[in-house]
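Q: Copying in the features that TrEMBL gives for the protein in this structure:
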type: ACT_SITE; residues: 151; note: active site, proton donor/acceptor
type: BINDING; residues: 7, 385; note: Mg(2+) binding site
type: BINDING; residues: 14, 209, 210, 211, 212, 213, 283, 284, 285, 331, 332, 333, 334, 335; note: ATP binding site
type: BINDING; residues: 94; note: substrate binding site
type: SITE; residues: 183; note: site 'Transition state stabilizer'
type: SITE; residues: 242; note: site 'Transition state stabilizer'
Ligand SMILES: Nc1ncnc2c1ncn2[C@@H]1O[C@H](COP(=O)(O)OP(=O)(O)O)[C@@H](O)[C@H]1O
Ligand SMILES: CC(=O)OP(=O)(O)O
Ligand SMILES: [Mg+2]
């Protein structure tokens with residue numbers, strides 16, 4: 001049985017095809033820099049333990065365009081892996097916002113699609129593209145089951161003290177206003193890897209997912225007990241184009257004194273802020289390049305970004321009453337050694353001390369980069385949301 005997983009993030013589209021029940025990947029790939037200059041697709045096919053990589057560079061205007069190009073690569077040419085659409089038993093979709101409705105993998109029907117649509121305004125960079133990808137997959141693989149795995153599901157274990165906002169209860173009851181938390185599939189996957197690595201099921205772990213969207217979670221004994229993203233994937237850390245935490249008074253001020261409309265405010269905080277707004281690009285690689293050229297805005301963007309992560313480490317150390325490990329993951333967390341160094345600098349009070357040489361040695365496999373006498377393990381763990389989604393889909397299909 002083959003399960004295709006489609007993971008559409010805000011700046012990228014990742015996919016993997018798995019053969020079940022062995023869970024072995026047949027191919028994987030990603031389309032990056034969607035909607036900005038230099039977009040490309042990297043397609044990797046696994047044949048007898050060997051990787052065959054093809055790269056395709058052509059502008060990808062949006063996620064639906066990217067998915068269509070990917071489906072071409074899967075079905076046509078030297079490294080095609082699907083002979084017929086009927087070869088795909090199920091398509092697993094990452095869907096970012098599931099509200100309080102979904103706590104596990106769910107077969108997509110019209111009702112589920114309506115729920116995903118209802119949450120468009122709460123996750124404007126994600127749910128609309130997730131929805132589009134579901135439609136493209138339904139057209140391409142009409143006989144396959146379409147299954148949604150929600151970013152919010154893993155955080156359904158948050159206690160009320162972490163998920164309720166201090167506004168009247170009616171807003172929670174009638175409007176569902178609460179903390180949902182996001183990137184749950186990634187936080188679940190890397191925290192499970194960390195627990196296995198530490199061999200310590202009763203553990204206190206802080207997971208730091210730094211992609212285009214960025215979030216942190218406090219994980220106690222394998223369960224999420226706090227999350228930095230809130231009602232939508234906008235709060236908490238500084239991200240590629242999102243501001244992260246900002247005093248809501250700024251919104252009132254801009255509406256009242258600068259004539260901002262809701263739409264303009266949404267665009268400002270979701271699409272024009274973060275690394276892009278402060279440093280000039282949403283992509284960390286560009287920010288590093290700008291820094292190398294002596295650009296002061298890029299330097300400030302990096303300082304704000306690292307400082308905010310540090311603040312959440314302190315908060316979660318308090319919430320967990322101690323830390324066994326902190327985990328860096330996702331595009332920036334896995335690849336940007338200087339960011340990991342900046343975050344871990346001057347955290348000796350919390351028992352966090354990094355080995356700067358080990359920090360440079362990460363090569364795509366789980367690695368501890370702390371000093372031997374560091375009380376807290378610092379781990380870099382490659383996330384694999386697609387693997388986690390395929391496993392959840394397979395479990396659902398078995399019942
Ligand atoms: N080698 C690298 N060095 C620094 N940053 C990197 C590197 N590779 C990828 N990134 C950054 O990772 C981010 C994208 O992360 P990713 O997890 O793929 O995002 P998403 O899934 O949210 O679209 C981008 O900011 C990109 O610049
Ligand atoms: C929830 C979220 O921000 O996702 P991504 O990082 O893929 O944009
Ligand atoms: Mg992502």
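Residue numbers in this text run from 1 along the chain shown.
Placement of Cβ uses the backbone N, Cα and C atoms for every residue, glycine included.
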Q: Any idea what DSSP makes of residue 94 (substrate binding site), helix, strand or coil?
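A: SS state of residue 94 (substrate binding site) = strand.
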Q: Nearest by CA distance to residue 212 (ATP binding site): which of the recorded positions is it, out of 7, 94, 151, 183, 242?
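A: Sorting the recorded positions by distance from residue 212 (ATP binding site), the top entry is 242.
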Q: Reduced to three states, what secondary structure does DSSP give residue 14 (ATP binding site)?
A: strand
Q: Taking only the recorded positions 212, 242, 283, 332, which have a CB closer than 6 angstroms to any atom that belongs to ligand 2?
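A: Within range of ligand 2: 212.
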Q: Let me know the DSSP-derived helix, strand or coil state of residue 385 (Mg(2+) binding site), please.
A: helix
Q: Using a 10 Å cut-off, grab the number of neighbouring Cβ atoms around the Cβ of residue 151 (active site, proton donor/acceptor), all chains included.
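A: Result for residue 151 (active site, proton donor/acceptor): 28 other Cβ atoms within 10 Å.
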Q: Between 183, 242, which of the recorded sites has its C-beta surrounded by the fewest other C-beta atoms within 10 Å?
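A: Selected from the recorded sites 183, 242 on minimum Cβ neighbours within 10 Å: 242.
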Q: Of the recorded positions 94, 242, 332, which sits closest to residue 385 (Mg(2+) binding site) by Cα distance?
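A: Out of the listed candidates, the nearest Cα belongs to 94.
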Q: Excluding near sequence neighbours, so keeping only residues 6 or more apart in the same chain, what lies with its CB under 8 A of the residue listed as 'substrate binding site'?
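A: Residues satisfying the criterion: 5, 6, 7, 8, 9, 130, 149, 151, 185, 385, 389.
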Q: I want to check the contact list for residue 283 (ATP binding site): same chain, sequence separation of six or more, C-beta distance under 8 angstroms. What comes out?
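A: In sequence order, 11, 33, 36, 240, 275 meet the Cβ cut-off.
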Q: DSSP three-state call for the residue listed as 'active site, proton donor/acceptor': helix, strand or coil?
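A: It is coil.
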Q: Between residue 14 (ATP binding site) and residue 183 (site 'Transition state stabilizer'), how far is it from one CA atom to the other, in Å?
A: 14
